[in-house]
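Taken straight from Swiss-Prot:
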ACT_SITE  His809  active site, charge relay system
ACT_SITE  Asp865  active site, charge relay system
ACT_SITE  Ser966  active site, charge relay system
BINDING   Asp960  substrate binding site
DISULFID  Cys127-Cys136  disulfide bond
DISULFID  Cys199-Cys241  disulfide bond
DISULFID  Cys227-Cys254  disulfide bond
DISULFID  Cys294-Cys321  disulfide bond
DISULFID  Cys331-Cys350  disulfide bond
DISULFID  Cys354-Cys374  disulfide bond
DISULFID  Cys464-Cys564  disulfide bond
DISULFID  Cys538-Cys556  disulfide bond
DISULFID  Cys576-Cys621  disulfide bond
DISULFID  Cys607-Cys634  disulfide bond
DISULFID  Cys720-Cys748  disulfide bond
DISULFID  Cys962-Cys996  disulfide bond
DOMAIN    102-137  domain 'EGF-like'
DOMAIN    140-197  domain 'Sushi 1'
DOMAIN    198-256  domain 'Sushi 2'
DOMAIN    258-323  domain 'Sushi 3'
DOMAIN    325-421  domain 'LCCL'
DOMAIN    436-568  domain 'C-type lectin'
DOMAIN    574-636  domain 'Sushi 4'
DOMAIN    689-750  domain 'Sushi 5'
DOMAIN    763-1019  domain 'Peptidase S1'
CARBOHYD  Asn523  N-linked glycosylation site
CARBOHYD  Asn534  N-linked glycosylation site
CARBOHYD  Asn624  N-linked glycosylation site
CARBOHYD  Asn740  N-linked glycosylation site
CARBOHYD  Asn767  N-linked glycosylation site
CARBOHYD  Asn912  N-linked glycosylation site
SIGNAL    1-25  signal peptide
Amino acid sequence: MVLASFLVSGLVLGLLAQKMRPVQSKGVDLGLCDETRFECKCGDPGYVFNIPVKQCTYFYRWRPYCKPCDDLEAKDICPKYKRCQECKAGLDSCVTCPPNKYGTWCSGECQCKNGGICDQRTGACACRDRYEGVHCEILKGCPLLPSDSQVQEVRNPPDNPQTIDYSCSPGFKLKGMARISCLPNGQWSNFPPKCIRECAMVSSPEHGKVNALSGDMIEGATLRFSCDSPYYLIGQETLTCQGNGQWNGQIPQCKNLVFCPDLDPVNHAEHKVKIGVEQKYGQFPQGTEVTYTCSGNYFLMGFDTLKCNPDGSWSGSQPSCVKVADREVDCDSKAVDFLDDVGEPVRIHCPAGCSLTAGTVWGTAIYHELSSVCRAAIHAGKLPNSGGAVHVVNNGPYSDFLGSDLNGIKSEELKSLARSFRFDYVRSSTAGKSGCPDGWFEVDENCVYVTSKQRAWERAQGVCTNMAARLAVLDKDVIPNSLTETLRGKGLTTTWIGLHRLDAEKPFIWELMDRSNVVLNDNLTFWASGEPGNETNCVYMDIQDQLQSVWKTKSCFQPSSFACMMDLSDRNKAKCDDPGSLENGHATLHGQSIDGFYAGSSIRYSCEVLHYLSGTETVTCTTNGTWSAPKPRCIKVITCQNPPVPSYGSVEIKPPSRTNSISRVGSPFLRLPRLPLPLARAAKPPPKPRSSQPSTVDLASKVKLPEGHYRVGSRAIYTCESRYYELLGSQGRRCDSNGNWSGRPASCIPVCGRSDSPRSPFIWNGNSTEIGQWPWQAGISRWLADHNMWFLQCGGSLLNEKWIVTAAHCVTYSATAEIIDPNQFKMYLGKYYRDDSRDDDYVQVREALEIHVNPNYDPGNLNFDIALIQLKTPVTLTTRVQPICLPTDITTREHLKEGTLAVVTGWGLNENNTYSETIQQAVLPVVAASTCEEGYKEADLPLTVTENMFCAGYKKGRYDACSGDSGGPLVFADDSRTERRWVLEGIVSWGSPSGCGKANQYGGFTKVNVFLSWIRQFI
C-alpha cells in the first residue's frame, strides 16, 4: 500500500514535472506542505499577531518546494487589519473597530451627532434623549437662547422649556416680549428681549431750550436743543440716549460768538480744522483749532496748532513748511551738497566767522554751485559774519558768474555753464515769554523742537544743526520727566538722543555731539565717528512705557523720529560784535553759540602761507560784551620764488648773509673821520632800548617758508653742466625787497664751432682727418629694404642737442619733394668710420622724430635745398659731439668772398671712386657765381646759381665734395674771437653730372645765411 502510494505519488510527480517543464511550476495543493504564518499588525500603532497561511507544492528544475498558495504574500493580507482595533487569527474580519468607525474591516465613517452611539457592524446611530433623526441631528423641542446679563428669565419646564418669561432688574426697562413660546416647528415665537438702562433727563441750557422727541428716556430717545437770539449753540443740536444709559455727547451751551479771520493756505502743508460749533455759524468761530502737518520732506516752522481766541484773534502766526538740509554746514561746505529741485528753497544754518576762513566764491547774487555756501551768503548780504539761517535756492543752469568785492569777501568771475544758486531770507520767528522760537517747547532751560519725521541719526543731527540747535543732549544719564511728557504730548514713542554708546558690553559712556563746545568729564565725552564700536549703534529714548522712559540703542542708520534742543542760557549772556574777516588769514572759533559770539567764546587767528600775525593770537568775548584785544593783522612776508633753472645748467640757492653791512671786495683801507678820539666816540648814536615785542624782521624771519620760496637777500648761483656750454645772463642773482631776483635770467647755450683737435685743417693736397676733429659732423643712414641694411648716404651738421641741418634732397624721394618716413633714418654723431662695426662707445646714434623740408624746395634745380631733422632724444655734448655755429650777416659777407678758403667734410666718394672709410676733408676756395656759371657753360652744362646758392672749388678740379657728401657742412674759420670758432656757411648740395673734381665744374652749396629765419622757427 505504501509502495503503491509511493508509485502513484511518483507517477503524479513525474506527470506534473513533465507538464510544468521547462523551468518553474505552478503551486499545487498536494497536502505535502505545512501551514506558514504571516506576522501582521492590528491597528495603528496597534500590536502584532500571526495569521495561518496554507502552502502549496511548487517545482523548480524537477525539484519540489513549498510556499504560500497563489504566491500569496504578507502585503496581500496584512494591510486590512491596520484599520481594526482588535483582531483574531483565522477570523476574516475585525473583532472591534476604533471609535467613529464601522463595517467588516472598519472602513465606514460613523455620522452620529450629539452623542449618538454608532453600531460597529451597520453604522446605525442610537440617539440620546432629546435628539432624533438618522444621525441624531434633530433636537426635540426648541433650542435654548442666550440673554443679556440684566435679563431675568423663568423656564417652564426647566429641562425642556415650552415657554420662557422675562423681567428686568431694578433701574432697567424691558424692551421686547415678556413671554416667548416654543412652536411646533422647533422655533421660538420671538427673540429674547433686552433690559435697557434709562438716560437721565437733561435740563435746558442757559439762554436756550431742550425738547424730548419721545416719552421714555431709553436707547434711541432724542433731545433737541435750541438757543434764544442772539446766542449760538455750541455743541450738538441733538443728543441720543445710548444703550449704556449715557447721552451720545456733551450737553451744548448757548454763547454769544466771535469769529477769527480766514487763514491763507500754507504751501506743502495739510491742515485739520476742529470747530467748537457748527460750521453754519462761520468758518472759524472762537474755539476753533487748526492743526498743520507738513508733507514729505518738509519741516514745520512755527506753531503746529492755531486756536481762535475769544477776542477773534488767532493764538499765533501761521507756520510755514520748509525743507531743511540734513547735513551739518560749516564754512567750507559747498552749495552743491544742499541744492534741491530748481526753485526749491532749502534751509541751512551757517556758523559764525565764515568771513574769517578760506573758501572760493564764484559770482554775484547768483553763484556757482561749487562756491562756499556760507561765504556766498555773507557776500550776498543775506547773513552777517556772526552766522544764521538762510534759504539756498537752486537757480538752474547759469554761465555768467561775475566777480565782485562785497561785505568783506571777494568773489571770482567764471564764464562756464554750471548749476547755480541764490538766497532767500529766512522769516524770523518770534519768541514767547520763555525765549523759545514759535513751535518750540521750554524744557529745563532748553528749547525743544519735536518732529515725527524719520531720519537716520546723522541726518537727524544735520536737521537740528540747520535749525540752530542740536539733537537733544542731556548732561546726566537720567531722563527728565518734563522731556518725556513733551515727547509723549507730540505722539512720539521713540526719539534719537545726541548720546552714543561706545560698547554694548560695557556701561554707557555718554557723548556730547555739539562739536563747537566740547565739555569733557566723567559722564560726557565727545563722539568721533572713527572710533571703534561707534559705527553702528546710536542711542534713542524709548518712552512707550507710561511709567518710565529708558535708554536703548539701535543701528545709527535706522530711521527714527527725533528732538532738537537749544540752550536758553546763551540768550542771557553778553554778546560781542562781529569782529569781521581777517585779510589773508583764518580764524578758529571756540565756544561760540550757533547764532553769534557770546561771553566766553574766543577766536584764535592764524595767517595764510607767507604771512605772519601781528597782534594777539587769541581774543575772547568778555562779560561786558567787548573783545579782550583788537583783531590782529596778517602781514605778508616778502620772498622770491624758485628762480628758473636753465636747461643743461643748475642753480644753487645760498641763504642771506647774517650781516646787513655792505663790504666792498678789494678795498685797501677803511676811511676814518679826522676827529679827536673822544669826539669820534661821541659821534656814535646812543644804543636803542630793547623792546619786549619782537620786531617785524624777527616775526618775518620765524615764518616757515613753503618749498620754492626764499627770503630777501638769498643768492642764486648759476653754473652750466659741462664745459661744452657757456652761461649767458647773470651768474649770480639776489632776492631783492620787492620779491624779484636781480640781474638777468641765466641760460646755458652750447658752445658752437669749437674743435678740440690741435691739427690745422688747412693742409694743402691733404684729405685726412682726426677722430673728433669735426664734432658737428653728422652721418645720416637710410634703411635699404631691398638690401636689408643701413647705408650711410648723407652728411649733416649738428645745430644743438636736438636738431640737425642737411640737404633737402637727402630726406626726400628722388626728383620729388615728398619726405621719406622718418623711421627710415638713423643719425650718427661722433662717428669717424663709415663701417658701423668699428664705432666705439663715444658714437651716439639717434632716431628721427620729425623731418622739415623747406616749403620752397625745388627738386628740379635743387633751389632751397635745405632740411631740418629733429631727434627723438637729445644728444649729449662731448669732445666728439658739439654743435656748429650758424652764420651772421657779418660772417657771411666776410666768408663768401671769392678765394676765401673753407673746409668740406664727409664720407663721400674719393678719387678711387670708392666711399671713404673715414671722414675726409677738403679745403676749397669760394668761387664767384659768374665764374661758376661760365665754367659749366663751357662744359656745355648751363645752369644758374641762385641767390640761395654759392660755389666753391678749384679751376683744375683737384678736390671737391662728391657723392655721399651731400648735406654735409662747408665751414669757415672765424678768428675774430680769442678762440677760433667754425661757422657753417654752406651745405653740400650739387655737383657736376660728369663726376667729382672736374676742371671748371665747381661744387654747389646751399647758402645757410638765407635760411636763418626759417631755421629759428624750429630750433
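Our numbering is plain: 1 for the first residue shown, then up by one each step along the chain.
Heads up, the Cβ atoms here are built off N, Cα and C, so glycines get one too.
All features noted in Swiss-Prot, drawn onto the structure.
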residue : record                           : Cβ contacts under 8 Å, 6 or more apart
Cys199  : disulfide bond                   : Met217, Ile218, Ala221, Cys241, Gln242, Gly245, Gln246, Trp247
Cys350  : disulfide bond                   : Val329, Cys331, Val373, Cys374, Ala377, Ile378, Leu383, Gly387, Gly388, Ala389, Val390
Cys354  : disulfide bond                   : Cys331, Ser372, Cys374, Arg375, Ile378, Asn385, Gly387
Cys607  : disulfide bond                   : Leu582, Asn584, Gly585, His586, Leu613, Cys634
Cys720  : disulfide bond                   : Pro646, Tyr648, Gly649, Glu726, Leu727, Cys748
Asn740  : N-linked glycosylation site      : Cys640
His809  : active site, charge relay system : Pro859, Leu862, Asp865, Ser966, Ser989
Below 8 angstroms Cβ to Cβ, which residues of this chain, lying six or more residues outside the domain 'EGF-like' (102-137), approach it? 80, 83-85, 93-94, 96, 160
According to DSSP, which kind of secondary structure is Cys464 (disulfide bond) found in, if we only use helix, strand and coil? helix
Return the residues near Cys136 (disulfide bond), defined as same-chain residues 6+ apart in sequence whose C-beta is under 8 angstroms from its C-beta, sorted by sequence, else 'none'. Cys112, Lys113, Asn114, Gly115, Gly116, Cys125, Cys127, Arg128
Filter the recorded positions Cys227, Cys556, Asn624, Cys996 down to those whose C-alpha lies within 10 angstroms of the C-alpha of Cys576 (disulfide bond); answer none if the list is empty. Asn624
Close in space but at least six residues away in sequence, with Cβ under 8 Å from that of Cys227 (disulfide bond), the same-chain residues are Pro205, His207, Gly208, Leu233, Cys254
List every residue in the same chain as Cys321 (disulfide bond), at least 6 positions away in sequence, whose Cβ is under 8 Å from its Cβ. Val266, Asn267, His268, Ala269, Tyr292, Cys294, Ser295, Tyr298, Phe299, Leu300, Met301
When the pLDDT values for the domain 'Peptidase S1' (763-1019) are averaged, what is the result? 91
Provide, as an integer number of angstrom, the distance between the C-alpha atoms of Asn624 (N-linked glycosylation site) and Cys564 (disulfide bond). 30
Integer Å value for the Cα distance linking Cys464 (disulfide bond) with Cys556 (disulfide bond) is 16
Between Cys556 (disulfide bond) and Cys564 (disulfide bond), what C-alpha distance do you get in Å? 17
Around Asn624 (N-linked glycosylation site), how many other C-beta atoms are within 10 angstroms of its C-beta? 8
